[in-house]
Amino acid sequence: MTIRNQRFSLLKQPISSTLNQHLVDYPTPSNLSYWWGFGSLAGICLVIQIVTGVFLAMHYTPHVDLAFNSVEHIMRDVEGGWLLRYMHANGASMFFIVVYLHIFRGLYYASYSSPREFVWCLGVVIFLLMIVTAFIGYVLPWGQMSFWGATVITSLASAIPVVGDTIVTWLWGGFSVDNATLNRFFSLHYLLPFILVGASLLHLAALHQYGSNNPLGVHSEMDKIAFYPYFYVKDLVGWVAFAIFFSIWIFYAPNVLGHPDNYIPANPMSTPPHIVPEWYFLPIYAILRSIPDKAGGVAAIALVFICLLALPFFKSMYVRSSSFRPIYQGMFWLLLADCLLLGWIGCQPVEAPFVTIGQISSLVFFLFFAITPILGRVGRGIPNSYTDETDHT
């Protein structure tokens, strides 16, 4: 190719060459399984949420007297509005399902270990942003569960010493959840997804700095192939399966993952018998409720994210993949079962025996992160790379 042809080649242009480097020619370990397809699925979910959210915002009115009716207007009067709303509402659930599977895959294969510490920490930040975005989005329909969920969760900020009450007043825009709160939440709910896009691009760039982990947990620069067409085709299978799964929820069970009380307009004078957040918040909500003291519950929630952020810095792991670490593998499955149990406890009333079960489950959750550094020293498996001859004993 001549110098002139190189200059006008599409793949030599700055933007297209960057896309080609990261999405086409990106060297990928040849043994990646379908568990590595959830990253691209998460990106698809984010795009779905942004596109449907933009169209919903065209018809939504962020006012306490009109918000609930505007949602019903979307459902009844806007052409295709019911589809937009169900895609957006169930899309949030699909997004969290994909991300939870992505996180647990990372835990199982120790994708957080060196040199991918920054990738994992960015992922935790993205997860936290998702939680905040989903919570404030759940408030926007202004139903009973929206209003009382906002009241309960935002009041938790009052547990912060010195500045807690000031933060709550700032969040509310007054002395109670009202019109100012709804306007603030709508504005933030529109903004945060675009911040999520930026954080996701940073996450992808950080991943591509050192390359993807693999099921064996070993590092090699030799056994790699181009991402396109091999893993595009492999991811396509996951995309089709996801589309079928997503469609079943949208067309056959659009309200199963929601709460019926949210079809009742918000009434500050009537408290629901049982305030329950969306299902994807339930494990964290159960940990919050397991501690009677408000400040202790908030501290426990903060500790959850601190544990996740600290996980890559437990410098004690000689072997990454759980396939070669039977003790850690058992602890991983215990953690997964414990999180499912916490999710069930989160939707139960605050009474015996659910409180006790929640406290025990919360303790097991934190014990996993306390024991992980010790488990890294137990057992001996394959080396860090094909050429690593270092004796770790």
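Quick reminder: no glycine exception, Cβ is built from N, Cα and C everywhere.
Noted in Swiss-Prot for the protein shown:
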type     : residues   : note
BINDING  : H88, H189  : heme b b562 binding site
BINDING  : H102, H203 : heme b b566 binding site
BINDING  : H208       : ubiquinone binding site
TOPO_DOM : 1-33       : topological domain 'Mitochondrial matrix'
TOPO_DOM : 58-80      : topological domain 'Mitochondrial intermembrane'
TOPO_DOM : 109-116    : topological domain 'Mitochondrial matrix'
TOPO_DOM : 142-178    : topological domain 'Mitochondrial intermembrane'
TOPO_DOM : 211-229    : topological domain 'Mitochondrial matrix'
TOPO_DOM : 253-293    : topological domain 'Mitochondrial intermembrane'
TOPO_DOM : 315-325    : topological domain 'Mitochondrial matrix'
TOPO_DOM : 347-353    : topological domain 'Mitochondrial intermembrane'
TOPO_DOM : 371-393    : topological domain 'Mitochondrial matrix'
TRANSMEM : 34-57      : transmembrane segment
TRANSMEM : 81-108     : transmembrane segment
TRANSMEM : 117-141    : transmembrane segment
TRANSMEM : 179-210    : transmembrane segment
TRANSMEM : 230-252    : transmembrane segment
TRANSMEM : 294-314    : transmembrane segment
TRANSMEM : 326-346    : transmembrane segment
TRANSMEM : 354-370    : transmembrane segment
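Every protein chain shown contributes to the tally, and the Cβ of H189 (heme b b562 binding site) ends up with 21 other Cβ atoms within 10 Å. Note on the topological domain 'Mitochondrial matrix' (109-116): mean pLDDT across this stretch is 86. Under 8 Å, Cβ to Cβ, and six or more positions away along its own chain, H88 (heme b b562 binding site) finds I48, Q49, T52, G53, L56. Highlighted: of the candidate stretches 117-141, 179-210, 294-314, 179-210 has the greatest count of Cβ pairs under 8 Å to the transmembrane segment (34-57). Sequence-distant neighbours of the topological domain 'Mitochondrial intermembrane' (142-178) (same chain, 6+ residues past either end, Cβ-Cβ under 8 Å): 64, 67-68, 71, 135, 184-185, 259, 261-268, 270-272, 275-277, 288, 294-295, 297-298. Here the transmembrane segment (117-141) has Cβ contacts under 8 Å with residues 60, 62, 67-68, 71, 92, 95-96, 99, 102-103, 106, 111, 147, 149-150, 153, 181-182, 185-186, 188-189, 192-193, 195-196, 199-200, 202-203, 206-207, 210, 262, 277-278, 280-281, 284, 305, 308-309, 311-313 of the same chain, all six or more residues outside its ends. The listed stretches are 81-108, 326-346, 354-370; of these, 354-370 has the most Cβ pairs under 8 Å to the transmembrane segment (294-314).
If you take the C-beta of H203 (heme b b566 binding site) and look for same-chain residues 6 or more apart in sequence within under 8 angstroms, you find V119, L122, G123, I126.
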